[in-house]
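Sequence annotations record features per position, and here TrEMBL assigns transmembrane segment to 48-66, 86-106, 118-141, 147-165, 177-196, 202-222, 243-265, 285-304, 311-330, 336-360, 372-393, 399-419. Taken from TrEMBL, the feature domain 'Major facilitator superfamily (MFS) profile' applies to 52-420.
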Amino acid sequence: MVDALTIASRLPPMRGRVVEPDSRPPKEIAMTACTTSIPAASAPSDRFPLAALLALAMGGFITILTEALPAGLLPQIGAGLDISGAMAGQLVTVYAIGSLVAAIPLTTATQGARRRPLLLAAIAGFAVANTVTTLSGSYLLTLVARFLAGVSAGLLWALLAGYAARMVPDHLKGRAIAVAMVGAPLALSLGVPVGTYLGNVVGWRMCFGIMSVLALALMVWVRAKVPDFAGQPAGTRRSLPDVLTIAGVRPVLVVVLAYVLAHNILYTYIAPFLAAAGMDARTDLVLLVFGVSSVLGIWVVGVLIDRHLRVLTLGSTILFGMAALALGVAGDMPAVVLAATCAWGFAFGGAPTLFQTALAKAAGDAADVAQSMLVTAWNLAIAGGGIIGGILLERAGVWAFSPALVVLLLLTLIAVWAGRGHGFPAVQR
């Protein structure tokens, strides 16, 4: 029998080029042919992967909705579990604790894991936690479920920005992260009000059941549309201290702490601030204005971020500072409050995308570990906003908020300006 190599050796030359027989074993030739014919499916392309990025955005939507929804349904949850409103409020607290304590260790421990199974595991955590919350009649069991949801949130937030950035080439990274982050402001502006309304109509348990179904549907979506990526090889993984030494990482974390702390002092105590201004009956309107403005802000940031990251961050900080000043000077005038809230929402809406993009670019291959630090810093700022805002409210009243915000935002502005070499570079790379 004449084998394939013999036939190849007898073929006539092609355009003067002599075809030499391949001396390798036939099995090796076959393996080479197979491996070279398979494209690198997970390599970034110039085609914008909108369906995959919207799946990530849906993950952020479920995360924020799971976190914030109990705050709007505390009386119903308290009645359903036969607990006080204060005890029901701890369902929000334990979620934040789970996210705070889990983000860094989980992300560090899973650096070598493939990305899509890890993302699916985080989403599955929400499905399980919300299902338990739906069915549980035990306060303790519900607390455990909420802690699990917080752990899943810490992992998911650490993954999102780096995942989105890996789907696209460098010149589209900021836009990709902006799309992936759009779920958070949508959850705050639309999801929480709608969820609160549904909770009053069909019951709070049904709301958490719906979120479980959304999480299961998202798992199918991710499996179908989101590409998989390899984890980091053992020799390239970065420890927490190593990542902190990367140029640009620390300035971004300082900015996150100061900016988000300023935001949460005001956002956490917006109801007493509005009550002091005689607008306690318009809290829903003010929050709606904030939410809609936030969505507009993230859209503008998404369009411009890849070319103007530094300018946008400086502009966001200055605009927020001007809003804080206006609230301090004329916070008893409804028109000023609404205008300042609009500016505040517009400034804050794109801020998470700005910070996560800056950190992803600064950290490079260590983006996931760096993002876990951002998640931790963000949750510390949320907790700090509640504590510091409460102290200011008790000792000096709501009018002390404005000067505190201005000081924090000046610190933010200095940190962004100082990061012109790394973190918030003057020249986009």
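Keep in mind that glycine also has a Cβ here, set from the backbone N, Cα and C atoms.
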Intrachain residues whose Cβ lies under 8 Å of the transmembrane segment (86-106), provided they are six or more past its termini: 66-68, 70-71, 74-75, 77-78, 139, 142-143, 146-151, 153-155, 157-158, 240, 369, 372-373, 375-376, 379-380, 382-383
Stretch in 48-66, 147-165, 177-196, 243-265 most in contact with the transmembrane segment (285-304), if contact is a CB pair under 8 A: 177-196
Contact between the transmembrane segment (48-66) and the transmembrane segment (202-222) (at least 3 Cβ pairs under 8 Å, separation 6+): yes
Non-local residues, at least 6 beyond the ends, that sit with Cβ under 8 Å of the transmembrane segment (118-141): 59, 62-63, 66, 81-83, 87, 110, 148-149, 151-153, 155-156, 159, 163, 205-206, 208-209, 211-212, 215-216, 218-219, 222-223, 226, 231
For the transmembrane segment (147-165), sequence-distant contacts whose Cβ falls under 8 Å of one of its Cβ atoms, 6 or more beyond its ends: 53, 56, 59-60, 63, 66-67, 94-103, 106-107, 110, 115, 118-119, 121-126, 128-130, 132-133, 173, 176-177, 179-181, 226, 229, 356-357, 359-360, 367-369, 371-372, 374-376, 378-379
Distal contacts, the transmembrane segment (177-196) - CB-CB under 8 A, six or more residues away: 50, 53-54, 56-65, 68-69, 71-73, 160-161, 163-165, 207, 284, 287-288, 290-292, 294-295, 297-299, 301-302, 305, 349-350, 352-353, 356-357, 360
Residues from the same chain, set at least six apart from the ends of the transmembrane segment (336-360), whose C-beta lies under 8 A from its own: 160-162, 165, 173-174, 177-178, 181, 184-185, 248-249, 252-253, 255-256, 259-260, 263, 266, 274, 277, 279, 285-286, 289-298, 300-302, 305, 309, 312-313, 315-317, 319-320, 322-324, 326-327, 330, 367, 370-371, 374, 419, 423-424
Model confidence over the domain 'Major facilitator superfamily (MFS) profile' (52-420), averaged pLDDT: 89
For the transmembrane segment (372-393), distant same-chain residues with Cβ under 8 A (at least six beyond the ends): 96, 99-100, 103-104, 106-108, 154, 157-158, 240, 243-244, 249, 252-253, 256-257, 259-269, 272, 355-356, 359, 400-401, 404
Within-chain partners of the transmembrane segment (243-265) [C-beta distance under 8 Å, separation at least 6 from its ends]: 313, 317, 320, 324, 348, 351, 355, 358-359, 361-364, 366, 369-370, 373-374, 377-378, 380-382, 384-386, 388-389, 392, 401, 404-405, 408-409, 411-412, 415-416, 418-419, 421-425
